[in-house]
Amino acid sequence: MQRIMLRAKLHRVTVTQADLNYEGSCGIDQDLLDAADMKEFEKIELYNVNNGERFSTYIIKGERGSGEISLNGAAARRAHLGDQLIICTYAPMTDEEIATYKPKVILVNEKNGIKEIKKV
């Protein structure tokens, strides 16, 4: 049996851009993607801390070092500039994998720069 488990989380990143007319997706600073081992076009779940919205989309690469968290297309309706989001990826795992696995949690500063990388 497999269970769907948290793989990585960007905790309380701040929305820096929103473009309703873009085709869709969430742009994320490449530094954050590398730290969390998230990949372009990977499905993500987003949780808006400010309004409680929960939605999913996919990743596109943002400029390295920019602090970018951009919501595009329909996702742009789910948050305002300055809102804080929790962005998660999940993966199927067996009980044997779960026994030794620890997800990555990336904590950021007010400019979406990496403050701490934890395995929880």
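Each residue's number is its place along the chain shown, starting with 1.
Backbone N, Cα and C define each Cβ position, glycine as well.
The feature pyruvic acid (Ser) is assigned by Swiss-Prot to SER25, with sequence analysis given as support. Close to SER25 (pyruvic acid (Ser)) in the fold, though at least 6 residues off in sequence, lie THR57, TYR58, ILE59, ILE60, ASN72, GLY73, ALA75, each with a CB less than 8 Å from its CB.
Taken from Swiss-Prot, the feature active site, schiff-base intermediate with substrate applies to SER25, supported by sequence analysis.
Around THR57 (substrate binding site), a 10 Å sphere centred on its CB holds 19 further CB atoms from the protein chains shown. Marked as substrate binding site by Swiss-Prot: THR57, GLY73, ALA74, ALA75.
Taken from Swiss-Prot, the feature active site, proton donor covers TYR58.
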Have a look at the binding-site residues (ALA74, ALA75) and report the one with the fewest Cβ neighbours inside 10 Å.
ALA74
